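Working notes for the structure below.
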Amino acid sequence: MNDMARLQKQRLALYGWMLVAPALALMSLFAFYPAIATLWHSLFTRGTTRRPSVFAGIENYNDLFADPTFWIVVWNNLIYAGITIPVSIIFALAMALWANAHIPARSFVRSAYFTPTILPMIAAANLWLFFYTPDLGVIDQITGFFGASPTNWLGQPETALASVIMVTIWKEAGFFMIFYLAALQTIPPDLREAARIEGAGRWTYTRRVLLPLLMPTTIFVFVNAMINSVKLIDHLFILTKGGPNNASKLILYWIWEMAFAYFDSPHAAAMTILVLLTLGLVAVIQFRLVEKRTHYR
Amino acid sequence: MTAQTPFIQIKSVSRVFNGGNGVHDLSIDIPRGSFVVLLGPSGCGKSTTLRLIAGLETADQGMIAIDGKDVTNVPPSKRGLSMVFQSYALFPHLSVAENIIFGLKVRKTSKDEIKTRLTEALNVTGLQGYEERKPAELSGGQRQRVALARAIVAGHPLCLMDEPLSNLDAKLRHSVRKDIRDLQQRLGITVVYVTHDQTEAMSMADIVILMKDGRIEQAGHPADLYLKPATAFAAGFVGSPPMALMPASALPREVVPAGLDVSRLTFGIRPEDLALTTDTTTKAWGITATVNGSEFLGAETFISVAIPGTEGATARLPGRVHIAPGTQVSLSWAGAAAHWFDGEDGRRLAPTTSRQSAREPNTSIETDTAIPSL
C-alpha cells in the first residue's frame, strides 16, 4: 500500500480516538467504573467493625426477593411507569398539536405548557404539597365547592401514589411537548394538503401520516420517560417520603433509603444492579421491536 | 372556447392576503379536456388561483364551479380532483405503492379495484418494480412520477399541478414535460398547471393564462401570446430571450407608424425579427447599436446590442455568427414584425396603417428575406 495513504489512515484513526478520548475518560470514571464497582459491592455482605465484609454470592439478591417491601416497591413503580409514561406522552402530543396550530396567543400557550419543566422538581413538589393540603388546598377547595368532604390526598394509602403520579405527569408533559413541537415543525404543510385532497380527514391524517412521522420522536420520548420513571423521585422527599405504609414508595427512593438511611449499601447495590439490568433489557427490546417499524428521515 | 359550458368556471373571484397579494376579481373559463397553464412571475397569484380551484384556499368573493357544480365552499376532497405539488408531497414513511393508493384507501375502495388501478398507474408512469421503495430511495424524476401516479390513480377528470418540474434538472424537465402532455391527452383529463417558466407554458399549453399582480394579463393560445401580446408585460414575459422593449423616441421617425403618439409609445421587437448588419452605409434606415456580447448556442447565436436611450436588445441569428464586442451595427426589421404598446398602461396598440399580420406563421420568414442578414 502507498505509504502516504497508510499514514493518512493512521492519522484519521488517531483523530478518531482523540475525539472520543475525553468522553471515554469521563464515562469510565463516572459511569462504567461505578457500575462495575456496584456490581462487585453487591456480592459482599455488609461490613461492620466487628464483622468485616465477606463474599456472599447472590445472597443479597435472595434477601431482596424475600423482602415483601421489594414486591410492593416494584409493583408501585410498575404502576407509576405504566401510568406516567403513556399519559404524559399523550398529553405532550395533544398539547404540541394544539400549540402548533394557528391559534391566537400561540407563544403564550407554548410557554404556559413549558413552565412546569423550568421549575425545579423540589419547587414543583412544594407547590403541589400546597394544592393537596386537606381542606385548604386548591384541590379540596374545588371538590369542596361541589360538596365533597376534605381528602388527605397524600396521607392515605389509596390516593398517595396517584397524587405522586399526577405531579410527575404535570411536570413531564410540557417537557416532552417541546420535542413533539420541534418534530411537528419539520413536517411540511404540503403533506397535510396532499392528504386533504386525497380525502383524508383530520383523524386519518393524524393516524396515517402524522403519528408515523412522529414515531422517532415518540421513541425518544418513550425512552426518556421510562428512565425518568425510575430516576425522578425528588418529589417523593417533599410529598410523601414513600408513605404512608410504602404506598407511594418507588424503587430509587427505596434504594436511597437502604443506602443512606439504613446504611445497608450491599442490598442497595444489589437493587441498583437489578434496576440497571431491567432498564437495559427493556431498552434492547424496545429498539429491536420499534426500530423496524419506524421511519427515520 | 365558450361553445359549451366550461369545465371550470371562475367568476369574479377575489382572495386577498394581508399585504395585498392574492387574486383580484378573477374570471376564468376552462374548457373540458384542455391543458391550461397559469403563467406569471412569483407573487402574481397563479398559485393562489390553483389553490382556490383545489379548495385549499377559500374565496373571499366570487364563485367557482367545476363540471357545472358550484364548489365555492366544498372541501377539496369532494371536488373530484387531484393535485401534484411542487415538493411532490409524498408521504416519506410510505412505500411507492402505499403513496399511490393513499387516497383510494381513505375512500374505502375495494381491494380488487385498488389493485387494478395501482397496476395501471404504475404502468402508465413506468414505475413497475419500484412499488416497495420509499420516496427517499428514489431519484427526483422517479419521485415526480410517483406524484403523477398518485394524481391519476383515482381517475379524477381534473388534475392540478403546482410547478411540478421545478425540482428537476434541465434535461429531465424536457422529457417529463412531454410525458405529462402525452399523459393528459391519453387520459383526456383537464390539467391546470402553474409555472413561472414560459418555455413550459409555451410547449405544453392549449391555453396560457398570463397573470400579473393577481389579475389576468392575457389568456389565449400560446401562439396568440407570442405573436400578438396584449400588453408590454406579456410581450416581455413570453419568449426567450425576451422581446426587446424600448421607448419609441429612440427610433428613427420614419419607422413609427402614422397615427401613434411617439411621446408615449413603446416599441417591441422579437429577437428573431431583428436583422443586423455591419454595413452601416448602404441601408436607407436602421438604428445604430453597439454589440456588447454574443452567446453561441449551436443552432443559433444570440447577439446582445446596446442602443443609446434603451435597455438594449437581443438579436437571434441562425448558425454561428461572430461579431466582436464593440462593433457598430445597424439594426432593422420588417415593419409587420414590430409591436407597439402604450407607453403608460402597456396596452397593445394597432397602428391605423397596419401591415401587421402577426398571426400568420410566415411573418418571420418575411423578415428574414426583407433585409439581408450577415
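Cβ coordinates are placed from backbone N, Cα and C, and glycine is handled just like the others.
Taken from TrEMBL as is:
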DOMAIN    A:74-286  domain 'ABC transmembrane type-1'
TRANSMEM  A:12-36  transmembrane segment
TRANSMEM  A:78-99  transmembrane segment
TRANSMEM  A:111-131  transmembrane segment
TRANSMEM  A:160-184  transmembrane segment
TRANSMEM  A:205-227  transmembrane segment
TRANSMEM  A:268-290  transmembrane segment
- line: With the cut-off at Cβ under 8 Å and a gap of six or more residues from its ends, the chain residues touching the transmembrane segment (A:268-290) are 35, 38-39, 41-42, 60-61, 63-64, 70, 215, 219, 222-223, 226-227, 230, 251-252, 254-256, 258-259
Field: Close approaches to the transmembrane segment (A:160-184) from elsewhere in its chain (Cβ under 8 angstroms; 6 or more beyond its ends)
entry: 76, 79-80, 83-84, 87-89, 91-93, 95-97, 99-100, 110, 113-117, 119, 121, 124-125, 128, 132, 153-154, 210, 213-214, 216-217, 220-221, 224-225, 228-229, 232, 235-236, 239-240, 243-244, 247-248
Field: Sequence-remote partners of the transmembrane segment (A:78-99) [C-beta within less than 8 Å, at least six residues beyond its ends]
entry: 106, 109-110, 113, 161, 164-165, 168-169, 172-177, 179-181, 184, 206, 214, 218, 221-222, 225-226, 228-230, 250
